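These come from TrEMBL:
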- 1-11: compositional bias 'Basic residues' (COMPBIAS)
- 1-22: region 'Disordered' (REGION)
- 433-476: region 'Disordered' (REGION)
- 443-452: compositional bias 'Gly residues' (COMPBIAS)
- 453-465: compositional bias 'Low complexity' (COMPBIAS)
- 466-476: compositional bias 'Gly residues' (COMPBIAS)
- 523-533: compositional bias 'Gly residues' (COMPBIAS)
- 523-551: region 'Disordered' (REGION)
- 626-657: compositional bias 'Gly residues' (COMPBIAS)
- 626-701: region 'Disordered' (REGION)
- 673-684: compositional bias 'Gly residues' (COMPBIAS)
- 692-701: compositional bias 'Gly residues' (COMPBIAS)
- 754-796: region 'Disordered' (REGION)
- 773-796: compositional bias 'Gly residues' (COMPBIAS)
- 844-866: region 'Disordered' (REGION)
- 852-865: compositional bias 'Low complexity' (COMPBIAS)
- 924-1083: region 'Disordered' (REGION)
- 927-1068: compositional bias 'Gly residues' (COMPBIAS)
- 1069-1083: compositional bias 'Low complexity' (COMPBIAS)
């Protein structure tokens, strides 16, 4: 058998020279002998098959069989790489290996190798303990040897040997215990398969880690080759069981980590597929934790904490396809799930079955392995039972998503809290979702918070408290908002808060929701909702009174942020507060509602419009009680975003009170719950692009009803509207709660502070070769909110109504664009300014509460409408050049209207363009000086815009007329020359200055139905006329000649007439005639 153990080794100079000479003498004869004896019978065998594929060496000519083949480059039923492997490479490889391992083949191959002095044909030897790496195959034909399977944890498996021109790389050897597997050898340089990576060693003993799998060998064949598969990672082993014996801690041992899978090998250059990545090794679970024992050590009465699960092995990356054609990349290796944490131990019980210690905390779940599909987090352990139940373990985090488009694993749910004879254990927190910050990365979802443990409720004379629910895990991040290439990632969803546990005295609080993960174009993740509070069954005090308090609702998480053109995540809703127990002799208090989370923000666009902000979460409702109702939770704000601001959430309703009172109530004086405040609308800020509308504010929660002597709860405040192209509407205030007994009705909530203000209209586009574009009309301000109604009463006073809020101001009209200049130097007119936006309608005050026998409540104050926006300024006219005429300024925009606010000011007229200066006369050496040309007239100023109207407020002031353009200066006369006799010639006359343009007319003031009309705008000023040109100097004589006469000065242009003012406005000042030029100096 022709085998060589070693890889290519370095030779000395003499040995290398002998090898080259032997190769030169014997290579041709050796190849001919091999093909004659070995290959001739083989090449004919495929023709006898019934598939119709006649074998020919022409298959290896890409120009004839590959380049024009209309086959798919991506795999499939008719994949060219698969066809070549099955019908060409495999039969030839089978024949070559049969020849190499035949008796006659060994004889011929030995002669060929001996004659050439090189190892040309034969398989590499397998690795051994002394030489772990497999030997290389023959330079022409043969497979690489397999790497040695390690039996020593300190040594990795041997690497597979490489093939030469045609053949497979050897497989890597397996690792031992924690050792890594060897890498596969490279395939042949013409055709061949890369060797598979060796498997990682399996962990041993308690909590042993698995070894990493070896990488698959690359296929380096220029014609065909598949990459080798990555080796699988070894499995971790379970942790040791905990014990208190012999000084032990009782805690279960941590599970071993799984080994990472190896990377698949690269494909060949023309045909072939990348190798598959190796699977990550499974993580070991934690060992069992000890229960409490009575061994004389007080601390051992407690249950031991649970052990943590091991981390899952990462999946191996797929082998790449060399150039993406005629084949495909390999499959990614599967990432392993994290190992499970174990439950906390139970506390020791005495002979009566009573707990004498506390339960142990649950163990943490292991983190999932990283990979293109990240592994999920391991299951968390539950808390043990005891006097105080153990806290549930934290859920395992999801593994990170690897590579472009990788998906992070999901976090697991938190473990449940243990049962408590006195206090239930808290639920464990949910695991975070795995993130991926590369392009198109997707974040995993966060796990839900664990449910809390209940406390004992079988004896109402024992004061017990329920556990709190665990917090939900945060969603993983998908992509990076600041990276332009990270386009399609989405953030994971936040986990919901865990359920609360019950008790006799106090119910547990609901868990908080997790935050949504940040994303890019795929959007930010929605946040988790807060868990609901738990009820209490009632604790009987020494005097027989039963006290009970419901648990509070958990808070909602914050929505994930997003990039431009995407939707940010919504905030989570707050959990509902639990009601207290009811019945005779019961003094109970309802739990408060949880706070809603804020909506996520979206970034402004660079090359397109921005994203949409997430909605704020709603506040949770407060629970009812016989004595006190819980307060409603405040709501979250809408997220800011350029395309659309998020809507604010609604406040939660307050809980009702049944009117029971007790001076010894440990939870305070009896009251009805107040409504929660609403969230504000998100702004739509301006950026590179015009913004969208602002978000609407939410509605305040209603106050709870009060019975007996208890007052009704107050309504919550509404949220204000966000600013944007149109302002968002302010939210209404919540209604005050009714008083059904002797108490007063609750006050209505005030509306949100204001409706959103509209941003200015977009500017008109200045045009270099046409009239300036008109400014865009501005949007309207948002409406103010209405105040909440006061609560009714029977014998007490009615509640006051809430105040309405002012409407938002309209936006200012867009400025007109400047006019350009045509090919002849004539200026174009400036664009007209845009119309100002209307002010938002003011909110109405709430009605006062009606009382049957007491005083009615006062009504809330009505608010004014917002002011109309100012009209946009007209664009300036284009200035004349090269003797061209000037353009007129654009007209100012009309001010926005309003109901009870002030009308918008009219926009100012645009300034007229300046006239072109005259051209100076020529100064010839032997002729009279040329006359300067006249300057051209300046353009007229634009008309001021009309002021906006108002119903009950003041009308807007009219806009000021634009100033006229200045006339052009006359051109200077040219200097006189000298004639042949030495006489100086006359200088040229200066050109006349151009007339300045007239000022624009002031705008008309806005009218008002019952208020004061606005005054008209002032007229635009007429500027002074253009200056006359200077006369040219006479030519200086030479010899006995006479000097030339100086040129006459140009006359200054007429001044512009000031524009007439609007009604009540002042006219603009007239301009003076321009100064005359200076006469030329005689020669």
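Using N, Cα and C of the backbone, Cβ positions are placed for all residues, glycine too.
According to DSSP, the compositional bias 'Gly residues' (443-452) comprises 0 helix, 0 strand, 10 coil. Sequence-distant contacts of the compositional bias 'Gly residues' (443-452) (same chain, at least 6 residues past either end, Cβ-Cβ under 8 Å): 374, 376-377, 380, 382, 392-393, 395-396, 398-399, 401, 407-417, 424-436, 466-478, 489-501, 508, 511-512, 514-515, 517-519, 525, 528, 531, 534. Sorting the compositional bias 'Gly residues' (927-1068) by DSSP state (H, G, I as helix; E, B as strand; all else coil) yields 0 helix, 4 strand, 138 coil. Packing against the compositional bias 'Gly residues' (773-796) from elsewhere in the chain are residues 693-694, 696-697, 700, 702-703, 705, 711-713, 715, 718, 721, 724-752, 754-767, 802-817, 831-854, 857-858, 860-861, 863, 865-867, 869, 872-873, 875, 890, 893, 896: each is 6 or more residues past its ends and has a CB under 8 Å from a CB in it. By number of Cβ pairs under 8 Å, the compositional bias 'Gly residues' (673-684) is matched best by 626-657 from the list 453-465, 626-657, 927-1068, 1069-1083. Note: the compositional bias 'Gly residues' (673-684) comprises 0 helix, 0 strand, 12 coil (DSSP; helix = H, G, I, strand = E, B). Across the region 'Disordered' (844-866), DSSP helix (H, G, I), strand (E, B) and coil residues number 0 helix, 1 strand, 22 coil.
The helix, strand and coil residue counts that DSSP assigns across the region 'Disordered' (433-476) are 0 helix, 4 strand, 40 coil.
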